[in-house]
Amino acid sequence: MAFIRKKRQEQQLQLYSKERFSLLLLNLEEYYFEQHTANHILHKGRQNERKIRGSLKICSKSVIFEPDAISQPIIKIPLRDCINIGKHGENGANRHFAKAKSGEISLIFSQVYFIKEHNVVAPYKIERGKMEYVFELDVSGKVEDVVETLLQLHRASCLDKLGDQTAMITAILQSRLARTSFDKNRFQSVSEKLHMECKAEMVTPLVTNPGHVCITDTNLYFQPLNGYPKPVVQITLQDVRRIYKRRHGLMPLGLEVFCTEDDLCSDIYLKFYEPQDRDDLYFYIATYLEHHVAEHTAESYMLQWQRGHLSNYQYLLHLNNLADRSCNDLSQYPVFPWIINDYSSAELDLSNPGTFRDLSKPVGALNKERLERLLTRYQEMPEPKFMYGSHYSSPGYVLFYLVRIAPEYMLCLQNGRFDNADRMFNSIAETWKNCLDGATDFKELIPEFYGDDVSFLVNSLKLDLGKRQGGQMVDDVELPPWASSPEDFLRKSKGALESSYVSEHLHEWIDLIFGYKQKGSDAVGAHNVFHPLTYEGGVDLNSIEDPDEKVAMLTQILEFGQTPKQLFVTPHPRRITSKFKSLPQTSSYNASVACSPVSPGEESFEDLTEESKTLAWNNITKLQLHEQYKIHKEAVTGIAVSRNGSSVFTTSQDSTLKMFSKESKMLQRSISFSNMALSSCLLLPGDATVISSSWDNNVYFYSIAFGRRQDTLMGHDDAVSKICWHDNRLYSASWDSTVKVWSGVPAEMPGTKRHHFDLLAELEHDVSVDTISLNAASTLLVSGTKEGTVNIWDLTTATLLHQSPCHAGTVCDAAFSPDSRHVLSTGADGCLNVIDVQTGMLISSMTSDEPQRCFIWDGNSVLSGSQSGELLVWDLLGAKISERIQGHTGAVTCIWMNEQCSNIITGGEDRQIMFWKLQY
């Protein structure tokens, strides 16, 4: 998983540098400046004097000596504990040695740490009392400079105020960076062109490493000031797949670069000193990626997740990424939910809802009695109020779970100590119980609980993590009875995360962590209010003038944990699952998507049809033009085809309805109802009657058998733009700002009686309605207006469910997905927008350089007709155009597809109809 992979990368880098030393040996917010090959001289001037070979590291708050022999411990001397620093022999009794041994540095101090003796990771050993260590540099000429640097850093460490210490160390660091620049000899090629160079820090968990960033036309480079862990980190721009701007320390200074699509672990995380440097570098890489990689938004990932193309696990990874969560920043580590509520049974029953945690509530609200106590305190609390005194994700919680795989991180965070043995991550069940009952424990989980690597559950490093009160040593994590092994535990945890129950309820947890219940009154109502400092924008560090207060505030925020960036401000849609009986059937929306029972024979036929549709859409890019005919004098506006496919009916702005024989390839009839343009047409069931809508405000019924106009519906005060028919009901949209629903009783004998129409409903709009469409069950209607608004109506109650002003200009076309879960709309602004029917949320938006006038889609892919005459195939889930197919010489104005999705007919402004076939 993310952290485990990161840990292994660092181990590989340490192998590269052949060092035991790690930046984790430094204090938090400490920098490693330089190193010198040196000897540590033991028992100086005595008969038993000996030298230990190694490397002397100069850091901003300490001096570290790493012996070459791993049997010897690493020595760490805090500068604040130093009493005297100078050349050996310049102080006290040893002054006469000064000239003879000018390459020696003396440190007199009161405290020293011994670390990783025999290369064993263990709590640091501390020795106190006045003592002197002497270090002999290989290059004696550097002693003066090293002593001067140490004295300067010592003065900084001894300042009374923390803010003053930070300011002085920062000044020293910036001075060093200003005196150096990126070594251009490190370029991969002499032909590379430099675009930008600036100062930055490479961020890894708990530590940052200063240096220089350089970007060329082909590569991104980072050169550490100290050359650690290797001289240069290089990333080829061609390999980059994603980049994200990050908050680091609550400031807009971070940039994270990924060379993978799905991994949570990035290839480099950079923190800049100036927001403009970050933004400039981001712009350059983003501009490069525009031509290579499709950008993904929370909404585009949501669409993929809803339609089953992303697992619950993958979707949560993407949301964490988009919400500034990174495995490089433990204060913003990816957060995953507790899923399972049962850690005591011998078997895990995923069919029992009681097995699962209530995902609609935060951890702090799962225990009713505890919540009541917390709410009482909340009511009595002065502003700013909060319900929970600790967060659900913090560096301490992350390392609580990961101490067995990342012990050095825990030692770094806790000043060289492990936590008390009884407070360690000892048992899954015990940890869950404490999260339910503990007065201050509200933590969620981390991605590792749903990954493949069990190492965080097993003490494979044989760490001495202490002895519990009962006398037992802390070793492997105790698993629930239903898990036979760590591998089995992860396998069953993953199964629970991907279960039907979680798929149907995960959106509720997303609302709490990433969505509309994260802040404001909705958060209060959901009992989801944390300390104000944990929220983005909760404090403006730039407004704090006192450096002490600023440092203290930042430290508090980073240690406490941070709430993810808010991604959604409206309720998150639920996932589309095959099991709908558990969903409340209170609206026509739910009823329309529920599966009705069918007989085995029907089911197999349906499966066959679905299989052919899937095959067709998978090969939609292989569409080929078969025939084309110019049968109108103006643009074609509508296409309807008889059930057997032999007759094609078309309407046009030339005011005619034409009947074309596909078999004889000849025009059979041409009918004119008035001198005004016809806007659309459809065939009634039975193929006996064609209906056409007209700009003269009327709808015309034409009897095919009798060859004459059968009826006229004068139902609007302006042009009728589009008509639909289902189950003896006519739906007509008009420029008079209405959509009308009519009850149409068919004639007993075609051509002999007129239809009788009753107005059942009138759906009022503010402006002209240009297009309408029905869902499969005809319980919902979508309308698109002249001003760019998409409206979703519940036809059972004739009420407006959602209104989305998602286009800048006329809505050209709109239609439901086959499962009625989504609406796709295209507009004059060139946008393709996907709206979730349940919530009305705009969940995906793609743009083209021209309007898409009409389209057909299967929920995942779209075939659209463009203003230029091309047919475009869109991959909605991949957020890209898959294919461009040459078609008409003017705009494609209408499109028809048969039920098997194998034949397509298009009409255009070039007055032609084109017949297309799939070749596969």
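Cβ atoms here come from the backbone N, Cα and C positions, even for glycine.
Annotations in TrEMBL come from automatic prediction, not curation.
Listed in TrEMBL:
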- 189-286: domain 'BEACH-type PH' (DOMAIN)
- 290-575: domain 'BEACH' (DOMAIN)
- 629-670: repeat 'WD' (REPEAT)
- 713-743: repeat 'WD' (REPEAT)
- 762-803: repeat 'WD' (REPEAT)
- 804-845: repeat 'WD' (REPEAT)
- 885-920: repeat 'WD' (REPEAT)
Region pair the repeat 'WD' (885-920) / the repeat 'WD' (713-743), three or more CB pairs under 8 Å: no
Helix, strand and coil residues within the repeat 'WD' (804-845) as assigned by DSSP: 0 helix, 23 strand, 19 coil
For the repeat 'WD' (762-803), sequence-distant contacts whose Cβ falls under 8 Å of one of its Cβ atoms, 6 or more beyond its ends: 587-589, 591-592, 718, 721-722, 724, 726-727, 729, 731, 733-741, 809-816, 818-820, 823, 825, 827-829, 833, 835, 837, 839-840
Counts by DSSP class (helix H/G/I, strand E/B, coil) across the repeat 'WD' (885-920): 0 helix, 20 strand, 16 coil
Overall pLDDT for the repeat 'WD' (629-670), taken as the rounded mean: 95
